[in-house]
Amino acid sequence: MTIAAAPARQTDRSATGFNPAYVTTAKAVSVPVQVPPATVVSEGLGKDALISWFRGEFAAANAIIDAMCSHLRIAEEAVSGSEYEAVFAAIHRRRLNWIPVLQMQKYHSIAEVAIELQKVAAKKAEDLKQKKTEEEAEEDLKEVVATEEEEVKKECFNGEKVTENDVNGDVEDVEDDSPTSDITDSGSHQDVHQTVVADTAHQIICHSHEDCDARSCEIKPIKGFQAKEQVKGHTVNVVKGLKLYEELLKEDEISKLLDFVAELREAGINGKLAGESFILFNKQIKGNKRELIQLGVPIFGHVKADENSNDTNNSVNIEPIPPLLESVIDHFVTWRLIPEYKRPNGCVINFFEEGEYSQPFLKPPHLEQPISTLVLSESTMAYGRILSSDNEGNFRGPLTLSLKQGSLLVMRGNSADMARHVMCPSQNKRVSITFFRIRPDTYHNHSQPNSPRNDGVMTMWQPYQMTPTPFLNGYDHSIDMMPKLGVLRPPMVMMAPPPVQPMILPSPNVMGTGGGTGVFLPWASVNSSRKHVKHLPPRAQKKRLLPLPPAASSSPAGGSTSEPVITVG
């Protein structure tokens, strides 16, 4: 009997037959997708994220405002001077209450705005340079035309004389001593023209601008000076940022400057300089006599006799910076030793005889960085936060520099803010020129009629009541004065602080009585209730404090005092 084969099961792995229906069925099977449950965000977390975003955008907007103000400042200084200073001051006052919110706040980059501002500034600088070139070309053309007209006039005058002689038939040499003579007038004009040309030649420090431009590639600074001192418990290099450029000027340029400052000194001694341009003090003190000439914006000045005078013109009157020294500043800017936006607006010429020395100088707050000193003679200068000296003015400090003739010292950073510098005595005569920039808001008179007058100048003739000023870059530069031990005391220069805008404080009754940290957010209410801190004692939590001790018997009856009274029997 034949046994029929049973049909193979679909699960039999030994089956050799191919069943496409099975494959199709296997492919058609779908796997369900599991959807994760929706994340629920709390309302408080959403508000915190939104406030964080607002703060970041707020900080970015503040950075954009800073970039725009810097752009306007650079643009206006290159064109027409300070016109937006009042606007900048108003913006700064308006943003004072932003500081607690924006302190250490991170924000997205504003590099795109900064790059566009740089492009605009570069284009404006190029246009301004092209405009100056065109103006110089027009001036040169006018000078050429004027010279040709003068020559034509001279030829016409000579022709008229010859014609008159030919008509009369007599040729005679006539000496005309009349002051209205054409020949005399033309000769005097020629002399004046030659004098003007000579004066113009003396107004430029160099003979060839091409040579000066090529010299910029050869100028290499000497830097990396070290003078370690203790500042608030930390070892700090107090001369960081000091750069020295040796033999910056040539011998003929130094000779021209020496002759020029000698003429200025003679004019100052004879009283021919305006106002307080020439200053002579300590005349009877041997070795410490000082002669100096200040030009441009004043840094020293006398105290006026009438302090209560309402005369608005009662200001320090000095000579402007002469063209020759302006040419020196132009070369420093061209050689990129001083940035254009920090161009000096004042300078002081110091004269030292044999054995004379200066008092240590520390940058006052109303002077900007950098400060540059050009020495026209071989000199020795000492640097340091603390300087020691003997009775003959031999100063010793952490750093002593022997400077060659024509060297330039550029002081930035710690070397300008922390370190004092002094000119040491020497056996030869010395001349130095210090270039500086005074902040515009310190020498513009914005004071009220009844407020004390402040010109932003350093007063050397009468002490004033010292007022606390903020430390520069977070350090305290006050030093105990111990002259008997040989440690140098600070220079006896009374410094007028920069004008401070008045701050309006609310009444004590309006301010909240609760405790606080002093940082108030804009959306916080002043009179909001506050829970007591748990770690305070129960008496303080219930606001029951101990009564104050009674006042001393020496105080008047019915009166109170905020300070304890000590009675000595």
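These residue numbers are counts, starting from 1, taken along the chain as shown.
Using N, Cα and C of the backbone, Cβ positions are placed for all residues, glycine too.
Which of 336-374, 531-569 counts as region 'Disordered' depends on Swiss-Prot, and there it is 531-569. For the recorded site, H421 (Fe cation binding site), the DSSP three-state label reads strand. When the alpha carbons of H421 (Fe cation binding site) and R430 (2-oxoglutarate binding site) are compared, the span between them is 16 angstrom.
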